[in-house]
Amino acid sequence: QDVTLIMHHFLPPVANAHKVMLEPWAQTIEAESDGRIDIEIYPAMSMGGKPSELYGQVRDGTADIVWTLLGYTPGVFPRTEVFELPRVHKGSARDTTIALNASLDLLAEDFKDIHVLFLHANDGNLIHSASTPITTFEDVAGMKLRTPGRSGAWTIEAMGAEPVSLPVPAVPESMAKGVIDGALTTYEIVPALKLQELEKYTAELPNGDRFGTAVFMVAMNQDAYDALPDDLKAVIDANSTVNVAAEIGQMWEDFEVEGIAALDAAGVTRTVFSAEEGAKFDAANDTVVTRWIDEVSSKGIDGAALVDAARAAVAKAEAQ
Amino acid sequence: MLDPITIGVVGLVVLFALLMLRMPVGIAMILVGVGGTYALSLSVPYVRFVPYIRQFKSLLWENVANYDLSVVPLFVLMGYIAAEARLSSDLFKGLEALLSRLRGGVAMAAIAACGGFGAVCGSSLATAATMGKVALPELKKLGYADRLSAGALAAGGTLGILIPPSVALVIYAIIVEGSILKMFQAAVLPGLLAVLSFILVVAIQVRINPSLAPEPRPMPRDERNIALKRLFPVIAIFGAIILGLGFGLFTPTPAASIGVFMIAAYGFVLRALTGEGLNLKGLRRAVQATAITSGMIYLILFGAEVLKGFFTRSGLPQALSDWAATSGLDPMLVLVIMLIAFVILGCFMESLAMILVVVPFFWPTLIALNGGEYVSAADAAFGMDIEDLKIWFGILALIVVELGLITPPVGLNVFIISSLAKDTPMSTVFRGVMPFLGSEVIRVALIILIPALTLTIPRLIGG
Amino acid sequence: MHAHVTRLADIFAMLGGVILFVIVMVTTTNTGAFILDRILAPVGVNVSGLPGYEDFVQLAISGAALMFFPYTQASRGHVAVDLFVANAPMVVKRVLDHMWLILTAAVALFLAYWMINGLLESRSDAAVAGVLGWPIWPFYIPGIASMILWAIVSVSQIFGDARYA
Ligand code: NA
Ligand code: NA
C-alpha cells in the first residue's frame with residue numbers, strides 16, 4: 001500500500017462504534033483505494049493519553065485519524081455545541097447527523113486546525129432512574145443525575161435536579177451505591193454499562209423528543225490529508241461528511257434497539273411523559289437554549305443565529 | 001532497519017539495563033518511551049516523531065488531573081496522619097493487652113496491629129516503618145528474640161498493601177480498567193487469611209522453640225484498662241473506614257477524605273485532652289512524608305503512560321498475547337510462571353514500578369490464554385470470565401509482589417526493620433522472615449486452587 | 001544554594017498538602033450533604049451537594065500531585081534500583097548519580113517546556129472544565145513551576161548533596 005493511517009479512539013473493540021461504524025468505514029476506504037490506503041485502528045486509548053487528548057493528537061499528528069466526543073474538550077468547539085442542545089436536537093440521530101454535516105460551513109471556525117471526515121450525534125439523552133419512579137416534571141427535582149457533558153449539566157439544572165460529572169466507567173458503581181440517583185444518557189449505552197440490572201425506570205419526552213444529544217467527530221490530521229495524492233483524497237471525500245451522514249446517523253438510531261430490548265427484558269418501566277408534562281420540560285429546556293445563547297454571545301458568537309440555523313438544518317433533514 | 005517488535009524487545013532490555021545502573025525508575029521509563037518511539041519512527045513510516053513529542057503538551061497534566069487517582073495521595077496521607085496521631089501505638093497497646101497472656105502474644109499483637117493499620121494505610125513500607133517504630137522497642141524490652149520480632153514486623157508490614165485500602169490495587173485496577181472498589185473487596189478475605197496465618201506462624205515457632213519468646217506476662221490491670229480504653233476509638237474509626245468502603249457507603253475518594261478528616265480530628269482532640277496525639281508539627285511531618293511517597297508514585301505512573309505509548313506502537317504486547325493464544329501452553333503453567341517472574345523481579349524492583357511495567361504485558365496474554373475478552377466463564381480456560389480474572393489475578397499478583405518486599409537480596413521491608421532495630425543485622429531479619437515466607441507460598445497456592453477466596457465478597461456485595 | 005532550594009521544595013510540598021486538605025474538606029462536605037440528603041429524604045427535604053465537585057477534585061489534584069515532585073527529589077524519594085550499584089567503587093557511584101541528576105533536570109525542563117505550550121494551547125482553545133466551567137489553563141501553572149523547581153533541585157544536588165555519591 002501507499003499510506004498507512006493510524007486511527008485512535010477511546011472505546012474497546014467490542015463497542016458498536018468500533019465494530020459497526022469505524023471498522024467497516026476503514027475497510028471501505030481500503031477497498032475503494034484498491035488497498036493503497038491502510039488504516040490501522042488503535043482502540044481504547046492504547047496509543048496513550050486520556051480521551052480528552054484525542055483532539056490534540058489529531059491536530060498535532062500523533063494520530064492521523066481520531067474518533068472523539070466533542071464534549072471531552074468542553075469550550076473548544078463552542079459553535080458545534082448548538083446541536084447538543086435540547087429543543088435543537090429533537091430526537092433523531094439521523095436528522096441531527098445530516099444537519100451537522102450539512103452545516104460544516106457554518107461551524108468552520110471550530111474545526112480550522114483539522115480536517116473533519118464526519119460529525120455525528122447519538123439518538124439523544126433520556127432520564128435513567130435507579131429507583132425513583134418518574135412520571136411528572138416535579139418527580140425529577142432533587143435527583144442527582146450523571147451529566148453527559150456541559151449542556152447536559154444545564155439541562156439537569158433546568159429540571160431542578162443536580163448534575164454530577166463522573167467518568168463513564170464509574171456510572172454503574174455510583175448508581176449501585178446511591179451516589180447518583182440516575183443518569184441523563186442514551187439507550188445505546190445500556191448494555192455496555194449493564195444499566196438494565198441497575199435501574200428500574202426510564203423516562204423520555206413525548207413525540208420521540210430527547211434531552212439533547214452528544215456530538216462526535218471522526219477527524220483527520222490536516223497535513224496527513226493534504227499529503228494524499230488527489231485520487232486518494234477523492235476516496236476519502238467520497239466517504240466523508242454529507243456523503244455518509246444519513247448512513248452513519250441511521251446506524252446510531254439502530255444502536256438503540258439492543259439497549260431498549262435489554263431494558264424490556266429486565267422489566268424496566270419505560271415511561272413517556274404526557275403532553276402536559278412534556279410542555280413543562282420544553283419550557284425548562286428553552287431556558288437551556290437561552291443560557292447557551294447568552295454564554296456564547298460573551299465570546300462574540302451570534303448564538304441566536306446559530307440556534308435558528310441549526311433548527312432549520314434539523315427540520316430540513318427531517319423532511320428528507 | 002529493525003522491525004518494530006525487535007525494537008520493542010530492545011527497549012525492554014535497555015529499560016532493565018538503565019534500572020540496574022540505578023537510574024530513577026520514572027526517568028528511565030520516560031527515556032525509553034521517548035527514545036524507543038524515536039527508534040520506531042526511523043523504521044516505521046507511520047510513527048512520526050515530531051507529532052509524538054508534541055503530545056507532551058497535555059500528557060503530564062492530563063495524567064495527574066485524574067479524579068480516580070486522587071485516592072492515592074489521600075490514602076497515603078491518612079496512614080501518615082494516623083501514625084503521627086499515635087493511633088498506631090494505641091492499636092498495638094490495645095491488642096497487646098488482649099493477647100499478652102499467650103506465649104508469643106506480643107509478637108502476635110504486632111502482626112494484628114500491622115493488619116489493623118493496613119486498614120488506614122495504603123503502603124507496605126509505611127506500615128512496616130510505623131508499626132516497627134511502635135512495636136520493636138516493646139518486644140525488645142520484654143525479651144523477645146530479635147529474629148522473631150524483626151521477622152514478624154517485616155512480614156506484618158506487607159499487610160499494608162494487602163488489607164484494603166491499597167495503593168498497589170488502585171494502580172492495578174486502573175491498568176486493567178477494573179473497579180477499585182471490587183479489588184478492595186476481593187482483598188479482604190486473603191488479607192484476613194494472611195493475618196491469621198502469620199499469627200499461626202508465630203504460635204508454631206514459639207511452640208517449637210520456646211526460647212524465642214519470654215514467659216507470658218499479663219499486662220498490669222491499670223495499664224490494661226487504659227490500653228483497652230484507647231483501643232476502642234481506634235477500632236471504631238478504622239472500622240468505619242473499612243466498612244464504609246467495603247459495604248458500599250462510600251466510593252474510594254470520599255472514603256479516603258472522610259478517613260483523613262476523622263483521624264486528624266480525633267488526633268487533635270486527643271492532643272487537647274491528654275497532651276498526646278496530633279499537633280501541627282506532626283501534621284507537617286505527615287504532609288512531607290505524603291509528598292515524598294505521592295511524588296514518587298505519580299512520576300512512575302506518568303513514566304508508565306509514556307512507556308505504554310512506545311510498547312503499543314512496537315506491537316510487542318500484542319505479539320506476545322497472539323503467541324500465547326496459539327502456543328498451546330497450559331494456561332495454569334503460564335500463570336505460575338508469571339507469578340514466579342513477579343517474585344524474581346521483586347527481588348530487586350520496587351513493587352509499584354513492577355506492577356506498572358509488567359502487568360501491561362502479562363494481562364493481555366492472560367486474556368488470550370483464558371479464551372479472549374468476551375469468553376463466558378463456562379468456556380474459559382481458568383473457568384471465569386474476564387471480570388473475575390481481573391480480580392483473581394490482581395490479588396495473586398499483589399501477594400507475590402508483596403513477597404518481593406521480604407525476599408533477599410533487596411527486601412525493602414527488611415531494610416526498614418533492620419534500620420529501625422539498629423543492633424539487629426540484616427541477615428537476622430531475613431532469617432526471621434523465612435517461616436513467614438513459607439506460609440505465604442501456601443497461601444498463594446490456596447488462592448490459586450480456590451478462586452472463591454477472592455471472588456466471593458465482590459460477588460456478594462456487587463456494585 | 002542547595003539549602004535554599006530544598007527549603008523552596010518543602011514550601012511547594014506544603015502548598016500541595018494544603019490543596020490535599022482543601023480536597024478533604026470539600027469532599028467531606030459533599031459526602032456529608034449526601035448522607036444528610038439520604039437521612040432527610042423521607043421527610044421530603046433535599047440537601048444538595050456541591051455541583052462540579054468532581055471537576056474541582058480533578059483540577060485541584062493536578063496541582064498538588066506535581067507540586068510534590070521537587071520535594072520527592074530533594075528527599076531522594078524517586079525510586080531507583082539499588083542492588084547492582086550498591087557495591088561499586090565510590091567514583092562509579094558518583095559519576096552515575098551525577099549523570100542521572102543532570103538527566104532528571106533535562107527531563108524536568110523538557111516537561112516544563114511542553115507544559116508551557118500546553119498552557120498556551122489550552123488558553124487559545126478556551127478549554128474549560130465540564131460542569132464548573134472554569135478555564136483549564138491556570139491549572140497548568142503549578143505544574144510548570146514545579147517542573148522548573150524540580151530541575152533546579154536536581155542540579156543543586158550535584159553540588160550540595162552527597163547522599164548517593
Ligand atoms: Na492497606
Ligand atoms: Na525482595
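Backbone N, Cα and C atoms are what each Cβ position is placed from, and that goes for glycine too.
Bear in mind that TrEMBL entries carry predicted annotations, made automatically and left uncurated.
According to TrEMBL, the protein has these features:
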- B:12-453: domain 'TRAP C4-dicarboxylate transport system permease DctM subunit' (DOMAIN)
- B:5-21: transmembrane segment (TRANSMEM)
- B:27-47: transmembrane segment (TRANSMEM)
- B:59-82: transmembrane segment (TRANSMEM)
- B:102-129: transmembrane segment (TRANSMEM)
- B:150-175: transmembrane segment (TRANSMEM)
- B:187-210: transmembrane segment (TRANSMEM)
- B:256-274: transmembrane segment (TRANSMEM)
- B:286-304: transmembrane segment (TRANSMEM)
- B:324-345: transmembrane segment (TRANSMEM)
- B:352-371: transmembrane segment (TRANSMEM)
- B:391-420: transmembrane segment (TRANSMEM)
- B:441-461: transmembrane segment (TRANSMEM)
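A contact between the transmembrane segment (B:27-47) and the transmembrane segment (B:286-304) is present, since 3 or more of their C-beta pairs, 6 or more residues apart, lie under 8 Å. Across B:102-129, B:286-304, B:391-420, the stretch most heavily in contact with the transmembrane segment (B:59-82), judged by Cβ pairs under 8 Å, is B:286-304.
Sequence-distant neighbours of the transmembrane segment (B:441-461) (same chain, 6+ residues past either end, Cβ-Cβ under 8 Å): 182, 185-190, 193-194, 197, 246-248, 332, 335-336, 339, 382-384, 388, 391-392, 395-396, 399-400.
It is B:102-129 that, among the stretches B:102-129, B:187-210, B:286-304, B:324-345, B:391-420, forms the most Cβ pairs under 8 Å with the transmembrane segment (B:150-175). Of the two recorded stretches, the transmembrane segment (B:352-371) does not lie close to the transmembrane segment (B:102-129), with fewer than three CB pairs under 8 Å once pairs fewer than 6 apart in sequence are set aside. Highlighted: of the candidate stretches B:102-129, B:187-210, B:256-274, B:391-420, B:102-129 has the greatest count of Cβ pairs under 8 Å to the transmembrane segment (B:286-304). Same-chain residues lying 6+ beyond the ends of the transmembrane segment (B:324-345) with a Cβ under 8 Å from its Cβ atoms: 354, 358, 362, 365-366, 368-370, 372, 381-382, 393, 396-397, 400-401, 403-404, 407, 444, 448.
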